[in-house]
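Engineer: What follows is a single structure, and I will ask about it in a moment.
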Amino acid sequence: MSSGAETSPVRVAAVQAEPVWLDLSATVKKTCEFISTAATNGAKLIAFPECWIPGYPCWIWARPVDAALGVRYIQNSLRIDSPEMETIRAAAAEHGISVVLGFSENDGNSLYISQCTISGEDGSILMKRRKLKPTHMERTVFGDASGDSLLNVVNLPGLGKVGALACWEHIQPLLKYHTYLQQEEIHVSAWPSLDVHNPGGPGLWGMSREGCIGQSQQYAVESGAFVIHTTAVISENGIKAMDTTAAPIFNKPGGGCSAIFGPDGRRLTEELPETEEGLVYADLDMTKILAVRMFVDACGHYSRPDILWLGADVRERKHLQSLEH
């Protein structure tokens, strides 16, 4: 769908929910239930939080190493070519809804913070990417991406160009601009559960609920795209499962703050209580993108590529390369 055509509004859904922590099969089942519910309510696109499957590894912010949880996390992370992924793909096709899924990807028992876009037409995976650089303590669990993860926008018929980034990738100016340049119209901003800022605590404001919502909102302003901000929820069960009571974050129930923003940054949705699971919906009028970009288009008329430009290497760097001599 082009934002320049006369179109009917497109309904999209942001997940706000708790995974079944460290349980691949149970979280896949819950994923398919959300896909079904969103489609029944008329959504054509549903977006899931960062590392939704099998849940974000919250314990890393409490202690640098937890061998038992680390092994369990590897065992329950999602492989691209697995029956579990096939189940999710089949659900998308059955219900006619496209899916942007956040998951811990198991590739040869190395883990990556990954996202993929699944077609609602036939369940095919149209885009798969990895977080370019895991944030701080995430590096104790996850590896880096290669250049092909910069190609994170795909055209979905009837929806438009849909892209995705994870968590603090939304403070990476060059990465964001590379995504904008792919003419994104709907952006998925995937996060774990997010704590309300504690002014007297050790946490950074930029890691808080307020700070991360601001990053998603600013992304909408800069890109002129709709932004689906999707977050997880953590309960006492999750805190107990990962032993995060003494951690600076992920130490109390809540953290949900899913929202959808318009291309000028305005919030289009009402908040759910932070401990509540559910879906947040918005009906997107794609012509609003034109109304914004006629004022400001950071990749078009409101740019100066003659004096400021971006270079990128989008090649996948494999571990084995044959070199000709």
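Positions of Cβ are set from backbone N, Cα and C atoms, glycine also.
Taken from TrEMBL, the feature active site, proton acceptor covers Glu50. The domain 'CN hydrolase' annotation in TrEMBL covers 10-286.
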Engineer: Taking DSSP three-state, what's the residue listed as 'active site, proton acceptor' in: helix, strand or coil?
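Structural biologist: Note: the residue listed as 'active site, proton acceptor' is coil by DSSP, not helix or strand.
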Engineer: Under 8 Å Cβ-Cβ from Glu50 (active site, proton acceptor), six or more apart in the same chain: what's there?
Structural biologist: Tyr56, Gly102, Ile113, Ala166, Cys167, Ala190, Trp191, Pro192, Ala232
